[in-house]
Amino acid sequence: MAGFKRGYDGKIAGLYDLDKTLGRGHFAVVKLARHVFTGEKVAVKVIDKTKLDTLATGHLFQEVRCMKLVQHPNIVRLYEVIDTQTKLYLILELGDGGDMFDYIMKHEEGLNEDLAKKYFAQIVHAISYCHKLHVVHRDLKPENVVFFEKQGLVKLTDFGFSNKFQPGKKLTTSCGSLAYSAPEILLGDEYDAPAVDIWSLGVILFMLVCGQPPFQEANDSETLTMIMDCKYTVPPRVSAGCRDLITRMLQRDPKRRASLEEIESHPWLQGVDPSPATKYNIPLVSYKNLSEEEHNSIIQRMVLGDIADRDAIVEALETNRYNHITATYFLLAERILREKQEKEIQTRSASPSNIKAQFRQSWPTKIDVPQDLEDDLTATPLSHATVPQSPARAGDNVLNGHRSKGLCDPAKKDELPELAGPALSTVPPASMKPAASGRKCLFRVEEDEEEDEEDKKPVSLSTQVVLRRKPSVTNRLTSRKSAPVLNQIFEEGESDDEFDMDENLPPKLSRLKMNIASPGTVHKRYHRRKSQGRGSSCSSSETSDDDSESRRRLDKDSGFAYSWHRRDSSEGPPGSEGDGGGQSKPSSGGGVDKASPGEQGTGGGSQGGSGGTPSGTAGSSRRCAGPDSSSPSPASASAAPRGAELVQSLKLVSLCLGSQLHGAKYILDPQKALFSSVKVQEKSTWKMCISAPGPSPSADLDPVRTKKLRNNALQLPLCEKTISVNIQRSRKEGLLCASSPASCCHVI
């Protein structure tokens, strides 16, 4: 097995995978381990019995008996005992926050009293429980108090010096640690068992609020003298109530020390829950705390896993065997309770408004566009298909809350959770008229993860077109964290090499997808979104290695911030303000989601263009939104074959947006573009141009403003590999497209 080391007995092989060493003692070593059947992490205390004398062996088995007896939320749980000829394995609950001594040492002046009160109350609660069972710990110290951060608890551990006692009868064994031991133990006298734990509690409280032990001198002799004289100094910053409680516990005479009942009722400890543990806090102290349904479910899992039959499981639980059967049962039970507790916390934290917004974002409204439509996007009416969903995708989308992309009437957005049918078919409002053949379209390149190949049912729409680019398989599992199942289902068995080998892909396997929304719908949704804000983002920044280092946002109060981003970005409908990728503010433009340096090119949004290689070589790109953009340019016609262009489009990010350029009005000011609209950081050979069909816009401009114009295009050097462009919005339409001829913005 993975963690099995030479020298360990075969009884533990196959049950636990032993990992790194957590700590060492004189006779024992504590290792991190994983329970094979449940996968839960545990601590395994491995004790070498060959090194133990008779007295130490007696203490060892006394520890086991006491730990079996005490089962409390504030005491580290013993799951299993494996006894072999040479070693004894104690399978214990694993703490995740270190011990209290290290925690105190990080606070030179001690903890604030509210926090100290919280932890001390839990320790008192655990010791009170032990004393009621007539078990004395006798080695209470901060090193034996372990933090469990996920549970918000502290727990007692190391019952190596613990013992059973009878009320009224005194013990004689001298044990414990000098700095925390009561005077009567150090003298070797007979002592009252509960009183020695009270003394140790006083030392622990002193350390919590003061940051150092009360009796800690240069050597053991001086320390012993201070303990016998009961001399210590409480700093003045400690409150009177806390000082009084410490004094009541650190009494030289055991008969004058406070009892546990007096400590629990002390005024300083009032107002704090002595045990924040609830039913769902682990460890589970008894199988009787589970419901009948949970109990039967766990037994059924164990039977199916060939752990034991039902009768053997029930018998082991009723007799407290502390064997592998009971360990497996309680580890499974605690995992179920932990998941149930986390689910309840999430349910309480989710407000109805958040849930409603999440469902609004979740319904997919995307269609496939065959390859032949990409060459004539503006002249050919686009078809809107009904896209049947697989049950896995339908459930995953609803749960994971990805933002929908148009095609739905704003008045019906709140009804999206009820549209749980296998197909989605949305008809535009009757008032919406199909646009003329010369209508303007806005293109945006995005990644998507769906492979829908269903037939299309044409519906004439005034449209907004969004080209979507599939991410590569290498980015598949990191591009959207919230849909791991779908990431695994998609393209099973494919590799990046297969992409490069596919020279001619059929239209339905095209990576470029389209999404349609009517401008009226988008306009209405823009105002709706602007008034109500937006949900949280689920954007993943792990798509490329360089992604997180080069991210930028636009935080302008006016205008429209352009961004390209992954499918998992929490984006609103095109034209809505502040719904870009990442986690931008509701009133700001969308954040810019950069690709890695080798991913930028000029595919033009539709196969064309092969420029933008990692070396920065410029290529050509055809116009993507103008009325005459149906035919490729000679440069793109002479480029690589269609299959190669498709592969290139998977690797290169194209920036293509519909905008307007009329008269003497520039979208990017030639004078200020390098310092305002385009953010600069590092040098590059990339250039950006904004061009428009028709007459040259430079006719009415003075030479100073047109010095950067070449071939009817404004060319600007860019100093980073991803750009942010701020576009002014048309107030009348609320869209980027206006009534003037459309133009393109290319990275060339």
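Glycine is no exception: its Cβ is also placed from the backbone N, Cα and C atoms.
Bear in mind that the values here come from a model prediction, so they are computed numbers and not experimental data.
ATP binds L22, G23, R24, G25, H26, F27, A28, V29, V30 as Swiss-Prot records it, and from the list K41, K45 the residue named for this site is K45. Record note: of S162, S460, S620, Swiss-Prot gives the feature phosphoserine to S162, with no matching annotation on the rest.
Checking R476, R534, R553 against Swiss-Prot for the annotation omega-N-methylarginine singles out R534. In summary, of the candidate residues S482, S684, S724, the record from Swiss-Prot lists phosphoserine for S482, whereas the others have no such entry there. Screening S174, S239, S362, S510 against Swiss-Prot annotations picks out S362 (annotated as phosphoserine). Swiss-Prot lists region 'Disordered' for one of the ranges 251-283, 383-415, namely 383-415. Per-residue confidence over the domain 'UBA' (291-334) averages out at a pLDDT of 87. Rounded to a whole value, the Cα-Cα separation of T173 (phosphothreonine) and S162 (phosphoserine) is 11 Å. Ranked by how many other Cβ atoms sit within 10 Å of their Cβ, the modified residues S162, T173 place T173 at the bottom.
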